Each structure stands twice: as C-alpha cells, then as structure tokens.
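Going by TrEMBL, these are the annotated features:
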TRANSMEM  B:6-27  transmembrane segment
TRANSMEM  B:34-54  transmembrane segment
TRANSMEM  B:60-79  transmembrane segment
TRANSMEM  B:91-114  transmembrane segment
TRANSMEM  B:142-164  transmembrane segment
TRANSMEM  B:185-207  transmembrane segment
TRANSMEM  B:227-253  transmembrane segment
Amino acid sequence: MLRIKNLGVYHGYVQAIRELSLEVKEGELLAVLGANGAGKSTLLGTVAGLYKPTAGEIIFKGKPITGQKPEQVVRQGISLVPEKREIFSALSVLDNLMLGAFHRYRKNKPVLMNDIQEILELFPALKGRESDQAGSLSGGLQQMLAIGRGLMSRPALLMLDEPSIGLAPLVVREIMSILVKLKKTGVTIILVEQNTKSALKVADSVLVMERGGITHSGNSVDIIADSSIQEAYLGRAR
Amino acid sequence: MGEQLLQLLFTGLTLGSIYSIIALTLVTTFNVTGILNLAQGEFVVIGALLAVSLQGTGMPMIAVFIVSVILVAILGGLLERLTIYRARGASNLSMLIITIGLSISLRGLALLIWGTETYSLPAFSEGGSIIVGGAALNPQSIWIFALVAVTLTGLYGFFGHTFWGKAVKASVYNQTGARLQGINLNTISFLAFVAAGGLGAAAGVSIGPITMVTYDMGFMLGVKGFVAAAIGGLSNVGGAVIGGILLGILESFSSGLISSGLKDAISMIILLGVLLFRPEGIIGAIRERKI
C-alpha cells in the first residue's frame, strides 16, 4: 500500500533520514520504534507532506506522492495525527471533527453528521462534550479528538505520532484498543511510539529506527523474542 | 457649549468609524496571513477614486459602490497573487516591506491616472443634515456607521457560523493542523486580500462624500487604521473597532477644543504610547479573542 524507496530528508544541514526504504502492507498495523531523534516523526511528516525529501520516492497505492503538499496528500487518503496533536484548541470539539473532513465537505456534507456519530461511538468519552472548547479537554480526550479528526478524512492510511505521550497508562490502553478496532475495519495504520511495550502489543510488524535509518524490521513476535533488540534498542533489559 | 461637544462627538464618531473599518481590514488580514498590509490605505483611495470616475459616467451611486468594491477586491486578489504569493515562505519583515512597495506603487499609479486634483463624491442619500440635540449629523455619517455595523456582523457571522469561516479560523490558530486537514493556506491568504480590497473600497466610497478624495490620502488613512488596530492589540476585531472610535473621538475633540493642528499629531502620540507602554494593546480584557 505504501512504499518508500531510498528516502533522504534534511532539516537544515542535519540529515534526519538517510536511505530509508520500507513497505507497509494493506490492513496491517506497523509500529515504528526508536529513541528520540531517530527520525520517526520526520518519517511520518515527510509522508504527510510537511517536509520535502531531498532524495527517494514515496509511492501510495501505486501512485508517486513524493514532494506533494499536506493538503494534497490528505486528499489521497493519508491522514497524520501529529505528535503535538495540533488540534484547534479555541474551536469546539464538533468544529474540530468537521474540519477533519475539510476536503470532502462540499461533496459529503449530508453524511458528515453520521460520520461524526460514528467517531463518537468509537470514542464514547467525547460524547456530550461536542460543544466544549477543544482546548478545555484533558490530554487523553484531546488525543482522542486528534485521532477522531484524523479519521474524519476517511483515510486508507492513518499515521499516528506518539499518541501515548503524556497520557496515563489506562488511557494509553484505551487508545491502543481503539487502534486495534480501527485496523479491523480495514484501515492501515503506522504507529510511531516510544512506549515500546504498548506498541508491541498491538502491532503486526515492527521497524526499529536509529539515526535516520532502519536497523531492524520484522513481525512483532520475532522482535519481541529477539533479546538483543530488546536490550540495545528498546531499553528493556530482561 | 453642550451643542458644540455633541457636534464634536458626531464628527469623532464618523472619523472613528472610518478608522475602524480600515483597522478591521488590517486586523483580519493580519490574523489570517500574519502580514501587516501597509497598502490597505491605498485600497481605500483607489476605491474612492474609481468611484469618482464611475460616477462621472452617470451610473447611480449604488452601482458605483458595488462596481468599485468588486474592482478593488479583484485588485487585492491580483496583487496577492503577483507579490505575496510569489514570496510565500519569506519572513514577515520581507512581507511587510513588500506591502510598503505595493503602497508606493499604487499611490504612483493613482497619481498617473487621477492626477493631483481633489475630487468629491455625492452623498449616498439626498437631503441635508439631521439636527440632533442642536448638533448637525451628516446623513453620510449614518451610512458609515451602518457600514461598520454590517462589516462587523458579517465578520462575526462568517467566522463564528460558517464552515469556511471556521476553516480560516483554524488556520489562524494552527497552521500545521490546518494543512494536515487539507486546508490550503495560500487560498486563504488570497481570499484575505480579496476581502481587504473590497472592504477598503467600501470604506473609500463611503467616506468620499465627507472627506474629499486625493490620490495621496491613503498613507495617512493607513496610519490611522494601524493606530486603531494597535490600540486594540492588532489581532482583536472588537478591539480594532473600539480603538478606531476612540481615536476618532480624541482627534475630533483635540482639534475642536485645542487646535486643529493637533489632529494628526494625536494619533502619532497614541501610537508611540501604545507601542512603548502597552504593545499588547490597551484593550486587554478581550485580548485573548482573535478574530
């Protein structure tokens, strides 16, 4: 579904991603793990169009999307839930969700309220808060709102950048279980996480990144079994 | 004495409303694009001068108003595409300098087309002044008050109650978030300049009957609008209106009661004062609300 070939990305003079290639299969949940500064967020940001790659190719559903702008990428069916959530904190929860469907508003206006109801079914904690200011929500609810807003564009590929950051374990578990539910509906998911344990529980396959490249990849069972990876990259000595 | 004060108040409110509209367009463009458009005063003047020419062809005033607004709106959009859009990604300082360049060019263009003469426009409605409490209120002032009211209502309605308004608002609050939802910031910048052009022209045609029109009056109007916007904190729509009216009343009273030479000095003094002591604007209580 998504293929990346020899990707290179610079932030100024610093090379954030070097010669990275990967493939994401339709319907899978891929976890991307690695330390701070390994280039995980840059990888997602580049696919979403926030950063321009200096080398390489990004192919989505057989079509090259390399170097497209974010507003174009989202129309192809890729949605990024960014690390800082980037919700519209002064707007209401409902407005945030509506704006998630910005690019299909004109065509799908009559069904949007149904779609919002579906999102609220998925995140029952947001129910009854529709007219609250998004900024007044707790961190966990804001994260759910950010994911819900990302889903409103009806993406085929949903990318999440550290959804567990700063959240209580219980909330993290809830969010992870929602990701599993989403996967069952056919959405392909890339999950960038530092919370290795939670991510490994839900992932089908795993990539470990270091200094802008991939050091390990495989299905999650193998990665969990590989104690050297556990110790060296995932910081969980047994 | 009471009648004289009331008269000064009417003049001040009229002046203030004019400044308010210019401040409103400045603030809206600033909120939406981050650019302080110093050519805003020129949009006002070109609108008024176009109206002078159109009116010369015998068109009714209402048609003159509409055509002039549409033409300057197109001009605003055109200039955005030709300059701001080309420089997208440049620093805000570069953008500011571009708008100064635009302002000088437009003034030059106006000089070439309309020369240095002073023009006047007919009032929107016939009839003399209305006497209220012994003071004369120019009917054109009422049109100007109405324009401020309509503009304000329109802005609040657009930003508060329409999907597109909310999309614009979202892109003001969070550019990255907005782009990820598919909102094109370039389009929004374009629309902001179209609106700035149209609103500027509306202000120009409305004040023409009161102030007379010359090719070079845009600079001072732009400065007054900026002072009004700065009083309100530069990003606050309500603050810009209050700032404009405050400035108009202060100017009117100081020139009426002390000396007419003070009129322009007063706004400069206020600007310096605000920038030195309250750069976040005098109207602090409603400061948090953007657009």
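Quick reminder: no glycine exception, Cβ is built from N, Cα and C everywhere.
Automated prediction, rather than curation, is the source of TrEMBL annotations.
Keep in mind the model is a prediction, meaning the values are calculated, not measured.
In this chain, the transmembrane segment (B:6-27) does not touch the transmembrane segment (B:91-114); fewer than three CB pairs sit within less than 8 A of each other, excluding pairs fewer than 6 residues apart. For the transmembrane segment (B:34-54), the neighbouring stretch richest in Cβ pairs under 8 Å, chosen from B:6-27, B:142-164, B:185-207, B:227-253, is B:185-207. Under 8 Å from some Cβ of the transmembrane segment (B:142-164) lie the Cβ atoms of residues 13-14, 17-18, 20-21, 24, 28, 123-125, 130, 199, 202-203, 206-207, 210, 237, 241, 291, all in the same chain and six or more residues away from its ends.
Sequence-distant neighbours of the transmembrane segment (B:185-207) (same chain, 6+ residues past either end, Cβ-Cβ under 8 Å): 18, 21-22, 24-25, 28-29, 32-33, 35, 37, 40-51, 64-65, 68-77, 79-81, 84-85, 88, 121, 124, 140, 143-144, 147, 151, 167-168, 171, 175, 178-179, 213.
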